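**Student:** Checked Swiss-Prot, it gives:
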{"type": "COMPBIAS", "residues": "36-52", "note": "compositional bias 'Low complexity'"}
{"type": "COMPBIAS", "residues": "53-62", "note": "compositional bias 'Gly residues'"}
{"type": "MOD_RES", "residues": "Ser68", "note": "phosphoserine"}
{"type": "MOD_RES", "residues": "Ser140", "note": "phosphoserine"}
{"type": "MOD_RES", "residues": "Ser167", "note": "phosphoserine"}
{"type": "MOD_RES", "residues": "Ser179", "note": "phosphoserine"}
{"type": "MOD_RES", "residues": "Ser195", "note": "phosphoserine"}
{"type": "MOD_RES", "residues": "Ser196", "note": "phosphoserine"}
{"type": "MOD_RES", "residues": "Ser205", "note": "phosphoserine"}
{"type": "MOD_RES", "residues": "Ser209", "note": "phosphoserine"}
{"type": "MOD_RES", "residues": "Ser212", "note": "phosphoserine"}
{"type": "MOD_RES", "residues": "Ser220", "note": "phosphoserine"}
{"type": "MOD_RES", "residues": "Ser223", "note": "phosphoserine"}
{"type": "MOTIF", "residues": "185-191", "note": "motif 'LIR'"}
{"type": "TOPO_DOM", "residues": "1-6", "note": "topological domain 'Extracellular'"}
{"type": "TOPO_DOM", "residues": "24-338", "note": "topological domain 'Cytoplasmic'"}
{"type": "TRANSMEM", "residues": "7-23", "note": "transmembrane segment"}
Amino acid sequence: MGAVWSALLVGGGLAGALILWLLRGDSGAPGKDGVAEPPQKGAPPGEAAAPGDGPGGGGSGGLSPEPSDRELVSKAEHLRESNGHLISESKDLGNLPEAQRLQNVGADWVNAREFVPVGKIPDTHSRADSEAARNQSPGSHGGEWRLPKGQETAVKVAGSVAAKLPSSSLLVDRAKAVSQDQAGHEDWEVVSRHSSWGSVGLGGSLEASRLSLNQRMDDSTNSLVGGRGWEVDGKVASLKPQQVSIQFQVHYTTNTDVQFIAVTGDHESLGRWNTYIPLHYCKDGLWSHSVFLPADTVVEWKFVLVENKEVTRWEECSNRFLQTGHEDKVVHGWWGIH
């Protein structure tokens, strides 16, 4: 928008200068109605040509005589003067936008300085750049605009203060860090004092605090021992076998090859008296077989004789009892004898 206004101002100035030059040129030319020009200021009185005085010595119908050399020279000088005036006016009009821009820059800088909040310093780099632009712009235009002496001093003082700001801000940051460290240290001391000594600082005695501390230590020791004991018991329970291997053995000589010895009992692993578990023949009339039974369990059982898949003979004795326990066992019995 500023460029548009500048162009309008320049165009208007040039148009006005052109009109003024045309008006002056018309007024300086000889009259069209036969009016004679006034004599020039530097011309002698005798050399002014009167109207109708031609070289022939008489007027010829009111016609103006031919212009003399002196009149031509004076007209040329007049044209040069008016041309120079036009050029100077155009130069002045061309400098108007630049001067207006410089004035706007100065006004913006003053407004920026007035609107800076209290306790905050504007950016030193931007201030230095604007100051350099101000110093360069007036110099490039022949010193037409400069800061007053008081404002230059204020700018220099502000620049020096801004140059010293980083160190001062660093000192402030260090002071804040030190204060925060001290505050954190004090908080840690307060917490440790209250957690270690209990209510000593709240009206209690030192002996009471010692007793409470010892009691807490005893409680923690007991809980630790209890935890270890439970842990040991858990390990023992996990190491205890869920089943044990019981090997049943008996000496018996069968009469035929279709006969064999078996074992039965009240546990499901022994057939619950309805079925049987066959024993394998080894040698010399020894029959043997291993059965897995639950650990630490009491079962009732007996040897039986099986022929053609049927029980044909039971031991001639009461039921046998077995305590399985937690280890593998070998149960060796004699037929019919406990």
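Using the three backbone atoms N, Cα and C, a Cβ is placed for every residue, glycine included.
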**Student:** DSSP says what for the topological domain 'Extracellular' (1-6): how many helix, strand, coil residues?
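**Tutor:** Counting residues by DSSP class gives 5 helix, 0 strand, 1 coil.
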**Student:** Give the mean pLDDT for the motif 'LIR' (185-191) on the 0 to 100 scale.
**Tutor:** 49
